[in-house]
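Taken from TrEMBL, the feature ATP binding site applies to Lys19, Thr177, Asp178, Thr218, Gly219, Gly220, Met221, Val222, Thr223, Lys224. The feature substrate binding site is assigned by TrEMBL to Ser59, Asp145, Asn157. According to TrEMBL, the feature domain 'PUA' maps to 281-368.
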Amino acid sequence: MNAPTSRSDLARARRIVVKVGSSSLTGADGRLDVAALRDLVSVLATARRAGRQVVLVSSGAIAAGLGPLGLGRPRDLATAQATASVGQGLLVARYTAAFAEHDLTVGQVLLTAGDLIRRQHYANAQRALERLLALGVVPVVNENDTVATDEVRFGDNDRLAALVSHLARADALVLLTDVDGLYDGPPSQPGTRLVPEVTSPADLAAVEVTGRGSDIGTGGMVTKLDAASIATGSGIPVVLTSAPNASRALAGDDVGTWFAVTGRRTSARRLWLAHAAQIRGRLHIDAGAARAVTDGKRSLLAAGVTGLDGEFEAGDAVELVGPDGVVARGLVAYGSAELPAMLGKSSAQLREDGDALPRAVVHRDDLAQVHRRALAR
Ligand SMILES: Nc1ncnc2c1ncn2[C@@H]1O[C@H](COP(=O)(O)OP(=O)(O)O)[C@@H](O)[C@H]1O
Ligand SMILES: N[C@@H](CCC(=O)OP(=O)(O)O)C(=O)O
């Protein structure tokens, strides 16, 4: 179908990614709330019976592992990994049992950030998801926390859900959390008001968000706005609301916050680069180079690079900073050790220096423009 252009259109969305956060699946003791999980499953089962396809991105592995291990919220990565390893099996067992009551089968899909950058891994994950959906299965996706490292991990599942929406070519993304929508300030502050829809950056101008989530969640509203920006910028509208509103959100009712589409589907690689890649350094570029990589969508040549910050290797992601700020992100072809000797030099000068075949510092295929954030961070 064409992307839903209004909230009520959401009722027609055939393929939907629903993301539920830890905060919606846990009780006051921070452990898994099985009743909340079953309520959500019942809503999703109704959508399946109506012929809709659902991909569930569910957090909660760490929360589910706390009880059996007798632990509080882990602070270090290794304990979080171990807890997620114990909890993920239990979480999926709960989903399997709950969906089985509705005669539905689930398939576990664990992804790392790396699976969404490497072309082959991406295509592979895409094929698997398509086949699961064709078989009538409900894929239950989570980050593969047990093997994700601090450098290459999402940490929160919001941005993962946005990239999964792209991967699954979803018609819509529904983000379920513990607040009923986006507020113009942290909802704990008295007087803050719900923002019913975001159709342009102006709607976010007066919104204050924090990265602090609930006690159990990760990323707070910041990562949800990032997710909304990724999805809407890629042609997929988003509804953000609380888990108890899931049924009404899927029916296109007036709940939560509606984020309208802001752009068209783009390549997964560019999407990754623009929104999720771990930035290792910065290249400072002159005004001409900034114009070339933005307006002209041309490669960045050494002649336009005036300086650099950070330590990076060839192939790492870096930010390109023009005279007015960040203009793009790209995968750099040279490491930070080689680049200083190349700055400002033309290809002819680089050849004289002994580089027989000088490459672009960032090839245009490896560039993603950074628009003045459609949705502010
Ligand atoms: N402007 C805002 N509007 C709504 N919620 C906000 C805002 N700023 C911060 N938050 C916080 O974000 C929290 C949700 O994020 P998080 O705990 O990471 O949820 P989840 O586990 O669902 O991913 C809310 O409980 C709320 O306190
Ligand atoms: N992958 C982790 C999710 C981490 C997390 O807290 O995510 P979220 O609640 O979506 O902000 C888990 O399953 O515990």
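Note: Cβ is positioned from N, Cα and C throughout, glycine not excepted.
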Rounded Cα-Cα span from Asp145 (substrate binding site) to Met221 (ATP binding site), Å: 21
Nearest-integer angstrom distance between the alpha carbons (Cα) of Asp178 (ATP binding site) and Asp145 (substrate binding site): 22
Mean of the pLDDT scores, which run from 0 to 100, over the domain 'PUA' (281-368): 93
Within the domain 'PUA' (281-368), residues counted as helix, strand or coil by DSSP: 24 helix, 27 strand, 37 coil
Of Lys19, Asn157, Met221, binding-site residues neighbouring ligand 1, Cβ under 6 A: Met221
Those binding-site residues in Ser59, Asn157, Met221 whose CB falls under 6 A of ligand 2, listed in sequence order: Ser59, Asn157
